[in-house]
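Trainee: Sharing a structure here in structure tokens format.
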Amino acid sequence: MQAGSTNLDTGPRHSPTLHGDESDRYRDLRRDSSDELSGPRYPSSSPTIDANTSTANGYHQYSTDESGNDSGSDTSALRSNRHVKRIKTFTVPSVSHSPKTTGTPSKERVAQPKQHGSYGRISHESFHSGHSHDVSDDDDDVDLDFSQEEETIGMMTGTRTNRSGIGNRVENETGADAKLPDHGGSLFSSFLNMANSIIGAGLPFAFQEAGLGMGIILLCSLTWIVDWTVGLLVHSGKLSGRMTYQDLLMFCFGKAGLIMISIFQFIFAFGAMCAYTVIVGDTLPHVLQALIPGIEDWPILGFVARRTFVITFCTILISLPLSLYRDISKLAKTSAVAMVAITVIIIAVMIEGPRAPMEIRGDPDLALTFARPKLFQSIGVISFAFVCHHNSFLIFGSLQKPTLNRVKIVTHVSMGFSLLACLLLALSGYLSFSDKTQGNVLNNFPSDNFIINIARFCFGVNMFTTLPLEAFVCREVIETYYFSGKPFSMKRHAIITVGLVGVSLIIALSTCNLGFVLEVTGGFSATALAFILPPLCYLKLASGSIWSVKKIPHLACLGFGVAVMVLSTFFSLQHFLHPSDASASTCAM
């Protein structure tokens, strides 16, 4: 036996209780075992386990190749051999009664601080400065082909009971354990949630700012970068064993990382809530006025068709109840409705755009302009539409089997579908209205257009069913930063949710300038979430020199994100404070 190691065959032999994948892995190994042990059979040759690991986390880590040969705990040697078969890793519960924290079930090992809190989050005290990382990553670059690890590596490293991404084991107000449903969402439901969080409102407006040629180039290139950085983010989560964006930043950069991610996540998600509520006020009043002509002039019921009433009614009676859900997979059905709605919008704009009256259309010659002056602002708008990093952990965690291979499938399919949908919507709207394209392209059409009113209704439905996805993120940021380590409280959950939805409602009632909301929210926070923080985390976690050739793409993405964030935010604020035209919308209360 190796020095400093512990044999599984020593000491009293207890019969450990096995759950889920652990029992499946034992059944596979028992077929090749010839030893007769009391309780469950162990592999034929007693594996050696690092004593420090077993005492630190209460579990023995054991690895075999597919032929059943022992590899012990030294997986680094195996990783250096390109011809070694795929590694299977399983966890053997320790016979000791010391506190247990699960190790990272992957070939990259990291030190796992004890987790606290009702959502499996990491307490502030667990990290301190966040400078101690024991990460093994022999390949300096990120391999986004996760298919080779599907059998053994779960995306939510750590506790297997976390399926929702928010956590399915909580404590009630008395401190007793309560368990959320132990079933997750399907691959298709996660695709619906992710695609719904990607497809946004202002893509024709982004083309109006960037120009036709640059708009297409930016949309395609930013989609590719977002797809890459989502994979980078999830890979970093695997390396660190963190289950949320907040925990990942805190693991990498300590308390400063938590503050940084909390600011960017909250601003982006809350800005999205405000933007979606503004869109509800832009769309549904037109539908009511078309269904009941002259209703706005009725002495008593006229207020029903007013923007203020419609926004308040839809927010309180639809968006708020959906936002009170604690399991994000519950929103899959509403996301399916939203996907149908966005399809109707695209078809309506494609049909009615070329048929719009000439007096409301822009200059057709300007529509073919390759590039326009507001290029950086358009990046902010596109980033706002495509960034889904802030709720990617929540969506991927809601998968029944959150393996990295399934995460890759959800990401690629969602990005591809969203790119196609956004291209169709952006081109149809921009080519029809050119330099007159508004932040909400449906506002360019007459109020009495029947097909567009159907699209307006669908757009409104899409927005107040998408808003709860952003409320999930805002609430999780607040819970993580202020209430980490405290038992779950339904009262606190409700107060935070009502407060978030209420404040976004007040802001939406006070402005109609959707374009500015999209520019600032996207330019400041979306670029940080998508283009700055994911490569920054990976550069912190990966081994080797930060200036190695394989890390050039990560450094380039980081520099691109910083430049876009600074320039886009500056130009957006300058245009808002010193408007050069009358593009700002005027609310019809």
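The backbone N, Cα and C atoms fix where each Cβ goes, glycine too.
Here's the feature list from TrEMBL:
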- 19-34: compositional bias 'Basic and acidic residues' (COMPBIAS)
- 43-79: compositional bias 'Polar residues' (COMPBIAS)
- 91-105: compositional bias 'Polar residues' (COMPBIAS)
- 122-135: compositional bias 'Basic and acidic residues' (COMPBIAS)
- 183-572: domain 'Amino acid transporter transmembrane' (DOMAIN)
- 1-141: region 'Disordered' (REGION)
- 213-235: transmembrane segment (TRANSMEM)
- 256-280: transmembrane segment (TRANSMEM)
- 300-324: transmembrane segment (TRANSMEM)
- 336-355: transmembrane segment (TRANSMEM)
- 375-397: transmembrane segment (TRANSMEM)
- 409-430: transmembrane segment (TRANSMEM)
- 450-473: transmembrane segment (TRANSMEM)
- 494-518: transmembrane segment (TRANSMEM)
- 524-543: transmembrane segment (TRANSMEM)
- 555-573: transmembrane segment (TRANSMEM)
Trainee: For the transmembrane segment (375-397), I need the partner stretch with the highest count of C-beta pairs below 8 angstroms, choosing only from 213-235, 409-430, 450-473, 555-573.
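Mentor: Of the candidates 213-235, 409-430, 450-473, 555-573, 213-235 scores highest.
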Trainee: Which range wins on Cβ pairs under 8 Å with the transmembrane segment (409-430): 213-235, 256-280, 450-473, 494-518?
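Mentor: Per the Cβ under 8 Å count, 213-235.
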Trainee: Count, for each of 300-324, 336-355, 450-473, 555-573, the Cβ pairs lying under 8 Å from the transmembrane segment (256-280), and report the range with the highest count.
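Mentor: It is 450-473 that shares the most Cβ pairs under 8 Å with the transmembrane segment (256-280).
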